[in-house]
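A.B. asks: Below are the features listed in TrEMBL for this protein:
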type     : residues : note
DOMAIN   : 4-137    : domain 'EamA'
DOMAIN   : 154-283  : domain 'EamA'
TRANSMEM : 38-58    : transmembrane segment
TRANSMEM : 65-85    : transmembrane segment
TRANSMEM : 91-112   : transmembrane segment
TRANSMEM : 124-143  : transmembrane segment
TRANSMEM : 155-173  : transmembrane segment
TRANSMEM : 185-204  : transmembrane segment
TRANSMEM : 210-229  : transmembrane segment
TRANSMEM : 241-260  : transmembrane segment
TRANSMEM : 266-286  : transmembrane segment
Amino acid sequence: MLNAGYIYVLCAAALWALIGPLSKQVISLGVSPLEAAFWRSAIGWSFFAAHALATGAWRLQRKDAPAIASFGIIGVSTLFGAYVLSINMVGAALASVLLYTAPAWVAVLAWLTLGEKMHAHKLVALFMTLAGVACVSLGPALVSGKGLGAVNLPGILLGLLSGFSYATYYIFGKRYLGRYATPTLFLYALPVGCLGLLPFVTFTPKSGETWLFLTLLAATTTYGAYSVYYEGLRRLSATRTAIVATLEPVLAAGLAYVWWDERFDLMGYAGSALILAAVLCTILGGGRSHGQEATS
């Protein structure tokens with residue numbers, strides 16, 4: 001029987017796939033990318049705060065406060081900031097590839113800090129994931145002969161930093177989900193992340209329509225996605241969760257096709273197939289170890 005953890009993570013990937021369409025709409029209404037990231041965190045926090053207060057899940061042990069605050073800086077401020085800056089320096093395609101090095105970071109960090117074993121099917125799925133994301137993101141530039149341009153070392157390093165920051169969601173979740181409910185963790189982590197972004201944000205006047213789309217962005221891609229994602233992480237290993245969540249760019253591309261008639265080239269379709277195969281490899285390869293991973 002299919003582990004429910006995979007269903008949760010697939011739902012999270014589907015919700016995260018809405019980041020592009022909703023962010024594009026928000027930016028078209030005059031909101032900068034960093035301000036959109038700020039409100040995505042701040043409004044998302046309000047949903048987690050309401051959830052935590054309604055369920056009584058607001059208590060935090062003092063000894064865990066520094067770790068959760070650090071996660072707010074690394075997992076929210078650094079991730080959002082580094083990714084946006086990387087896009088500006090090296091372009092969206094390469095920045096996306098660097099962001100989705102996260103499964104590799106997760107595999108290494110989970111092996112070092114959580115004692116997760118690196119089975120052969122995990123390594124195969126990891127390779128297919130990285131290759132697939134590279135094809136999807138870099139394929140158009142390579143096929144057209146435009147190339148990737150001169151190497152921009154700061155942009156590359158910021159992109160890798162965004163991938164590392166993204167990976168901390170998995171390791172942090174594995175460390176603290178046994179002690180706290182998801183709303184509790186984000187009740188305290190998101191405000192710290194917002195404060196880290198605040199000095200770099202320029203606020204603009206907003207219409208009711210703008211606030212509506214900002215609220216939709218936060219409700220779906222922050223509150224909704226992180227809620228179901230962490231439910232999946234409770235049931236799966238960090239590495240499996242990271243690989244399955246990489247289905248997000250494929251789903252995002254599907255939405256782009258439906259809404260804006262954006263299409264892949266041959267390499268894009270090949271990359272999508274590799275990512276889908278990696279997800280299937282992860283799910284089928286883990287069939288005999290669900291019970292162990294849920295408690296790892």
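Heads up, the Cβ atoms here are built off N, Cα and C, so glycines get one too.
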A.B. asks: In the same chain, which residue numbers or ranges, 6 or more beyond the ends of the transmembrane segment (38-58), come under 8 angstroms Cβ to Cβ?
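C.D. replies: Distant contacts of the transmembrane segment (38-58): 31, 76, 80, 180-184, 186-187, 190-191, 193-194, 197-198, 201, 214-215, 217-219, 221-223, 226.
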A.B. asks: Give the residue counts of the domain 'EamA' (4-137) per reduced DSSP state, in the order helix, strand, coil.
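C.D. replies: Output for the domain 'EamA' (4-137) reads 114 helix, 0 strand, 20 coil.
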A.B. asks: Counting only residues 6 or more past its boundaries, what in the same chain has a CB within less than 8 Å of a CB in the transmembrane segment (155-173)?
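C.D. replies: Distant Cβ neighbours of the transmembrane segment (155-173) are 67, 71, 74-75, 78-79, 82-83, 85-86, 88-90, 94-95, 97-106, 109-110, 113-114, 185, 229-230, 233, 238-239, 241-242.
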A.B. asks: Calculate the per-residue pLDDT averaged over the domain 'EamA' (4-137) and state the result as an integer.
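C.D. replies: Within the domain 'EamA' (4-137), the model's average pLDDT equals 85.
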